[in-house]
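Report on the following structure.
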Ligand code: NAD
């Protein structure tokens, strides 16, 4: 099939590459000229494990192309995936201007029946708006389908090629057939393609992210109680996770969720509920708890060193909102670091992949950048672990101690053993452990 993908971010680039990998001819469109120039020169603008190799192979095989021009991608396409950003508006609802602009440009360049696919995370009712906008710009036949994306940054290729499920919301049997054909190679092991009405498909994505965010905030609240009553959240986690109704995944306490999805999607569901005259009490609390949790590590630092941190210097390990990505959107690291700087401290940071992102977008020159984890530590009053990259999991703590001014560790992800560190002479702070 001939496919076009609008938007070459984390979702669009992965979707385009994977559809090319399964034999389709794919053209990816983005309005960001610099991104497209870099892609055309063979440079992958984001860090996503496995993406570069797959992308280069499909470009070399002439199945994957990049352009800034809709006219190069849309004519003759069987399906066009809209995978542009849907950032929160001022009131928390999803801003649909990029989605609707894409819908209009698609309609203007269609040359025959086309399936327009909403892949971006969009509120209920968006497919109808996409249909309306497209209808104003073409007389040709088309269908709009909702096909939300569930990939996780850091494991995106695997998630796309072997999805737990594919959700398709459609009113048209013809469009549903095109979608089934496209996804057939990815569900050969029997994972389901779940067909439903468009509204349910649109809400499914938000419900999934809202549920996951709720688990995180719930466990963070349990951790905060643990601290107060002398319990250990890691033991509680194992104790409840072995119950099949609960399950063991996504139960880790920490510094709260970040990234480009959970924060904005939780806000969007709260807003959707308000618009439907419903007060979604749990989700409002999920968001409040998360905001508080992002500041917790700083409060532990403040509790130990006092509120005036002038003259204090800290080593930060991890900047991205989670491991295996360079994405720093809504990353807890930014909250922690800004709070430390505001209290007068200086900071040296290290992250395996997100330092360019930090330099150019999130922290600039406000912090010093280390070239490896160990030299981030030199002369620091404490090590603060923010993101649990694998390479931070088993450091040589004797060598760490030699570099630190004082042997203190603030472990924002509970990856170290309190017992082992205390036996080695460290002062250890964890989250509910
Ligand atoms: P992103 O910000 O990384 O990329 C969006 C891209 O769209 C940008 O490159 C931008 O230049 C481009 N764009 C904007 N308007 C355009 C237009 N009119 N024509 C062509 N290109 C245009 O976004 P993302 O993280 O890939 O997310 C995209 C959507 O997918 C969002 O709705 C998000 O909620 C959803 N989603 C994201 C993830 C994730 O892990 N990042 C997972 C599932 C779903």
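The backbone N, Cα and C atoms fix where each Cβ goes, glycine too.
Binding site for substrate per TrEMBL: 150, 151, 152, 153, 250, 251, 252, 253, 254, 258, 322, plus 205 from the candidate set 119, 205, 281, 359. What TrEMBL records for the NAD(+) site is 30, 35, 86, 121, 153, 264, and among 329, 348, 361 the residue it adds there is 329. Closest by Cα distance to residue 152 (substrate binding site), from the recorded positions 86, 261, 264, is 261. Using DSSP to sort the residues of the domain 'UDP-glucose/GDP-mannose dehydrogenase C-terminal' (315-418) gives these counts of helix, strand and coil: 36 helix, 18 strand, 50 coil. Taking Cβ-Cβ distances under 8 Å and a sequence gap of 6 or more within the same chain, the neighbours of residue 121 (NAD(+) binding site) are 86, 94, 148, 149, 205, 206, 209, 261, 265, 268. Checking the recorded positions 30, 86, 251, 261 against ligand 1 with a 6 Å cutoff on the Cβ atom leaves 30, 86, 261, in sequence order. Most Cβ neighbours within 10 Å, among the recorded positions 251, 253, 261: 253 holds that distinction in the structure as shown. For residue 258 (substrate binding site), the nearest neighbour among the listed binding-site residues (30, 35, 153, 264, 329), judged by C-alpha distance, is 329.
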